Every structure is written in structure tokens, then in C-alpha cells.
Amino acid sequence: MKFIDEAKIEVAAGKGGNGATSFRREKFVPRGGPDGGDGGKGGSVWAEADENTNTLVEYRFVKRYQAKNGEKGHGSDRYGAGADDIVLKMPVGTLIRDLDTGENVADLTYHGQRVCLAKGGKGGLGNIHFKSSVNRAPKQSTPGEEGEARSLQLELKVLADVGLLGMPNAGKSTLITAVSAARPKIANYPFTTLHPNLGVVRIDENHSFVMADIPGLIEGAAEGAGLGHRFLKHLSRTGLLLHVVDLAPFDETVNPAEEALAIINELRKYDEELYGKPRWLVLNKLDMLDEEEARARTAAFLEAVGWDYPKPDDRFQFDMETPRLFQISALTHQGTQELVHQINQYLIEKKRIEAEKAEAERAATNVEIAEQQPKTDTGVFKPE
């Protein structure tokens, strides 16, 4: 299925049915009272996050979604039927924005999450509601309310634990193939990857994580060059970035250090928050170099990019904040198991820290609420 990560649609809820003006007509009851029922409510339009949907492609072809109107009220106290709602299934990770106001309507982050995009109009009131002591035969009823209508921008950001970052042809697709069941298109030319690919990396029965391979970046990507910033957004929800560098480019004029610095510069220009995400360095294609040349190129690269963190041969107890360096061959799988093992350990620790932080915040909130509650008299006698 073709991956589509942006779409524009229009949604319109149904109008409420009109209330009825009607009077009882029975034998031997010449002056029957009002019996006009209310109109039914108009159908609403909802968005629902669905983990089995992974693209916005259908919203490129069908751009308008109109819910039905509510049924009008009837005599004999019969209310009009409400119209059915429309539910639009969207991928988890879809951001929905109102095109007219710029408001973020919804951020679909988990399976089954539902958000109302356009609310159906209320049904009108029948004349049964307007009977009074001075007006025994009211002819008044009200029309149904109009339903809401919106023009919306849908934007899909893939949800992944780890994002692969790098220039075209750095070997990102080969890496995700080596460590997961994902099978992206791979060839020896830039921009092989034309849309994000997701792969599930399984460590054991109880541990796995999701890795995202986005199209390669080039200098100027933050301004839209190449495949542009439309793919940088997919990295914003990841918890860890792997900066993959081709240490043995076929083109001898290519400088890996300059390319790596260009990528870092693009991140900084695009989004400071994205630039500040934990980012590990992965030097790829060691299978193309002998041991001595690999050592020399690695040393030259690290000096050129100003790497002042632990080197490959250092014995160092990594913490959560320290960037890490890996030397691998995605093609031969050299070093990939150590890489995914450390990623898994990092993500486990990250989730533990986040859970502890959330629990502490909940406890602090509960204390604050308790302190704001009025103190009640316990009924205990206290002598003056």
C-alpha cells in the first residue's frame, strides 16, 4: 500500500431534524392538545485511531465526509430518529489540525482513541414543549440546529522508539533489514527510501522496539531540499536517534565528517527540540575496510566532528545522557547485535525513569488536591 502522510479533508455533521407542529386528532376529542415530537439529532463525524491502518491514502481520494441529517419530528408525540455517526479510521500518530483556525483538533496517539471532528446539530423542539396555561394550542416549534463543518489537515507522524538519521545511501535501509523483518527497497543509489519504513526489532519474547527508517536527508532539508522537511517530522516522536554514517563511500570526494555535520546542522535548523534528542553515532560499512584502515578512518572522522565522548576501545560505564558510538556493518551484521542490545537496555531504563517521574507527579497532585479540601469537623469534643 502506498504510504501517504498528509491529506486535506472536509467534514460536515448532519443538521438536526425540525420539531413538529401537530395536534391530537381523536374521536370525541375536538380540541386535542399539542403532540408534535422533537426532531432527531444530526450525525456527528468522529476520528478513531486504528493500529491496523498505516496510511492516509484513502483521504487523498475521498475528500469530503458528510453525516446525515436527523429525522423531523412527528405527531402523536413521536420523536424523529437520530442520524448515524460517521467514524473515520486513521493511523495511530495522526495529527489533525483545523485549516481555518490553525487549532490542533486532535493527536491520535493510541489505538481506539476517538475524537469528535464535527458535532451533529440538536433536533428542534416540537410544539408539545410550548403548551402553557395561557396557550393551550401552541403552533410554535423550532428548527433543528445546523451541524458543525470543518476543513482539516491530516498529518501522520510515525510512532517509533528509534529513528534512523543520515544522508542518502548511508545504509539505513540495510540496517533496518538486518535487525528486523522490515524489507524496504534497497539499491546503490541515493533516495532509495521514498517513504518511512517501520521495523519491529524483537530481542526476546518479552522485549521489542520499533525502528523507523526515513528517507535520507541532504543539506537544505530543513528548508525542503531533496525530500525535505516533510520527513524530518517523523523523527519528532522517537525516543532515540541513530545517526548512521557511511564510513566507506564509493565516491572518494565525499567527506563523511562534513556530511555528518551537515545533518546535525539540518536538525538544529529544523527544530531545537529534535536536535536535543538523545543521538547515538553509528559508523557503517566496516566490511568495506580492512582493520587498519577502519581504525584510521574512524579516528580521523571523530576528530573532524569533534567527538569528545567515549571512543570504541574505551571501557566506560555509559549513562542515559552520554552519546554512544558504534561501528557496524549492516550488510554482514557485524556489531548489529550489540547495537540493538544496548538500544533495548536504554529504552527499558528510559521507560522506568518516565514511569517513576509520572508516579511522583501524580503523588504531588494528590497531595495538592488534599490540601485544598476544606477541613471537616471530626465531632471530637475539645474543651475550651
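Placement of Cβ uses the backbone N, Cα and C atoms for every residue, glycine included.
Lys285 (GTP binding site) falls within neither a helix nor a strand when secondary structure is assigned with DSSP, and so counts as coil. The GTP binding site annotation in Swiss-Prot covers 166-173, 191-195, 213-216, 284-287, 329-331 and rests on sequence analysis.
Among the features that Swiss-Prot reports, Mg(2+) binding site is placed at Ser173, Thr193, with the record citing sequence analysis. Mapped onto three states, the DSSP output places Ser173 (Mg(2+) binding site) in helix.
Taken from Swiss-Prot, the feature compositional bias 'Gly residues' applies to 33-43. Cβ atoms under 8 Å from those of the compositional bias 'Gly residues' (33-43) belong to residues 13-24, 67-86, 120-131, 136-138, 141, 143-145, 147 of the same chain, restricted to positions at least 6 beyond its ends.
Swiss-Prot lists 1-159 with the feature domain 'Obg', giving sequence analysis as the kind of evidence.
For 160-348, the entry in Swiss-Prot reads domain 'OBG-type G', with the evidence type sequence analysis.
If you look up Swiss-Prot, you'll see 20-46 (among others) marked as region 'Disordered'.
Residues annotated as region 'Disordered' in Swiss-Prot: 364-384 (among others).
Sorting the compositional bias 'Gly residues' (33-43) by DSSP state (H, G, I as helix; E, B as strand; all else coil) yields 0 helix, 1 strand, 10 coil. Fewest other C-beta atoms within 10 Å: among the binding-site residues Lys172, Lys285, that description fits Lys285.
On the backbone, the CA of Gly166 (GTP binding site) and the CA of Ser173 (Mg(2+) binding site) stand 11 Å apart. Taking the Cα atom of each, Lys285 (GTP binding site) and Ser173 (Mg(2+) binding site) are about 13 angstrom apart. A distance of 12 Å separates the Cα atom of Ser329 (GTP binding site) from that of Ser173 (Mg(2+) binding site).
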